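Enquirer: Dropping the structure in here first, questions after.
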Amino acid sequence: MAFAASTYAVDLTNMHPHGIQLCEKHPLVHLSNSKIRRFERMIRAGSQMTNSRPVVNKPEIDFSDPDWKRHFQEDFDKRFNLPHLRDILAIKPRPTTFSLKSRIPLDDGDSAATGSWNGYVNDDDRALLKAFPYPDLIFLCFHGLPVIKFASPTSAGAECIDPDCSWVEQWVHRAGPRKQIYFEPREVKAGIVTCGGLCPGLNDVIRQIVLTLEKYGVKNIIGIPYGYRGFSDEGLSEVPLSRKVVQNINLAGGSFLGVSRGGPSTSDIVDSIQAQRIDMLFVLGGDGTHAGALAIHNECRTRKLKVSVVCVPKTIDNDILLMDKTFGFDTAVEEAQRVINSAYVEARSAYHGIGLVKLMGRSSGFIAMHASLSSGQIDICLIPEVPFNLEGPNGVLQHLEHLIKTKGNAVVCVAEGAGQDYLHKSNTTDASGNVVLSDIGVHIQQQIKRHFKDIGVPADVKYIDPTYMIRACRANASDAILCTVLGQNAVHGAFAGFSGITTGICNTHYVYFPITQVIESTRHVDPNSRMWHRCLTSTGQPDFN
């Protein structure tokens, strides 16, 4: 069902307040009862929609209500409103100390930036999260860039709200420095913590958070060692951070502060925050870490503490909701491409060679899909979102047999979370609460060897699992830039008084989201998307069902 996860509706007849110029004259939305009934039947039957994106917190919709768009807007405004310290404390802002025209804030955190500079973001600035099309509308002009117009909810990758694919927009808060801040920089103590597993770019984000804090005039910056564990373990001490300390940490992979999974209770963490007199906490991690940060934020609000908790989304799998991509993903795809090339060379050089590469992707196959596309050497790509058969006339093994007969070699790429139905479920979890997956790569390797042995055809299978090599890499240029911007915006968000938020890139713009909205579920590859269709076109693989 291609419903919006959350929708901000803009009155099509009154677009000027949103800074949008209409390229064409747009008719109003009119919904016929017959179309409503047809769309509802599609919902129940899943007609041609079974591969659409997963529904997130789907609102109840009464399309017959002429004000349904306004109700969407109200619902969206409520859920995407950014939590602010003003919600619980009677605090007033002061002029910012952040300016790119002066070095004063670096030396005196109490010195307000002087002079006129148009580099600040207005609190009412918004960025387009998503636009849902209205048929028969041509395009809206967003700085000369057209937005896709879907004519039908059954179009590849279509995301429509109603049977007419009405044009409905979602707007979110733009990230960046504000003219007014809610902290005295010279009094601020800021903490940074990295949680979960390793990911390329962690050190880049740490570095930029420190540099930007110092640009505001903050002198007291610490790192919390080894994730949330560092708040409670008596053997771990806070790590003093400064420009001098972090200047070159981006030249290496890993985390300068160390990582770990799990940790103490929320109450114990907030006790530690109070004891250390931390005013800003920057949390780098995935959806589990975000959930922990949200709990910390809520506990701080309960205690009415002036503490800003801001996250930077870190997941190499690129599976955080609402965001174009997360840092580490581009590096992972680039490194995975090199691994695939090695597997190809091994397969091509062997008699009946088969290269098998397992890549990261517990529940989302973005790395496997993009690495397969970029390498151009993959014959079969298997991801968690698309079920497949190993055996039978339409199975993976039969297609491998065909490839060996016709081209003499083959390369297979499989995401770690794919095909888990074929494996014994351990029902055990790691310290982060993630289910421990069985090794689909080893299973497929064994099944390939068994199959070719049974049919009397020699096959030389080379299996490569580069997971830990990729995680430990230094960020490439693309990720380094993304990390730089995310780290800076995290600091801007904290000084703006926001808390319980995360920062990311959305629709090519940098924005803030409430943490609540990015942890509702996991982002997945849409099997009906054009990108997955492009991957299938590249590999030439058939439907394995």
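Any Cβ shown, glycine's included, is placed from N, Cα and C.
Keep in mind that TrEMBL annotations are predicted by a computer and have not been checked by a curator.
Feature annotation from TrEMBL assigns domain 'Phosphofructokinase' to 190-492. Here TrEMBL flags Gly197, Arg261, Gly262, Gly286, Asp287, Gly288, Thr289 as ATP binding site. According to TrEMBL, the feature Mg(2+) binding site maps to Asp287. The site 'Important for substrate specificity' annotation in TrEMBL covers Gly288. Residues annotated as substrate binding site in TrEMBL: Thr315, Ile316, Asp317, Met360, Gly361, Arg362, Glu416, Tyr468, Met469, Ile470, Arg471. Residues or ranges marked as active site, proton acceptor by TrEMBL: Asp317.
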Enquirer: Provide the number of Cβ atoms within 10 Å of the Cβ of Glu416 (substrate binding site), excluding the reference atom itself.
Expert: 24
Enquirer: Drop a 10 Å sphere on every Cβ of the binding-site residues Gly197, Gly262, Gly286, Gly288, Gly361 and tell me which sphere holds the fewest other Cβ atoms.
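Expert: Selected from the binding-site residues Gly197, Gly262, Gly286, Gly288, Gly361 on minimum Cβ neighbours within 10 Å: Gly262.
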Enquirer: So of all those binding-site residues, Thr315, Asp317, Met469, which one's Cα sits nearest to Arg261 (ATP binding site)?
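Expert: Spatially nearest to Arg261 (ATP binding site) by Cα position is Thr315.
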Enquirer: Enter the number of other CB atoms within 10 angstroms of the CB of Thr289 (ATP binding site).
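Expert: Its Cβ has 27 other Cβ atoms within 10 Å.
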Enquirer: For Gly286 (ATP binding site), identify the closest of the binding-site residues Asp317, Gly361, Glu416, Met469, Arg471, judging by Cα separation.
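Expert: Closest by Cα: Asp317.
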Enquirer: Relative to the Cβ position of Arg471 (substrate binding site), how many further Cβ atoms are located within 10 Å?
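Expert: For Arg471 (substrate binding site), the count of other Cβ atoms within 10 Å is 20.
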Enquirer: Which chain-mates of Asp287 (ATP binding site) that are at least 6 residues away have a CB under 8 A from its CB, listed by sequence?
Expert: Thr315, Asp319, Ile320, Val518, Ile519, Thr522
Enquirer: Mind telling me which of the binding-site residues Arg261, Asp317 has the densest Cβ neighbourhood, counting other Cβ atoms within 10 Å?
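Expert: That would be Asp317, with the most Cβ atoms nearby.
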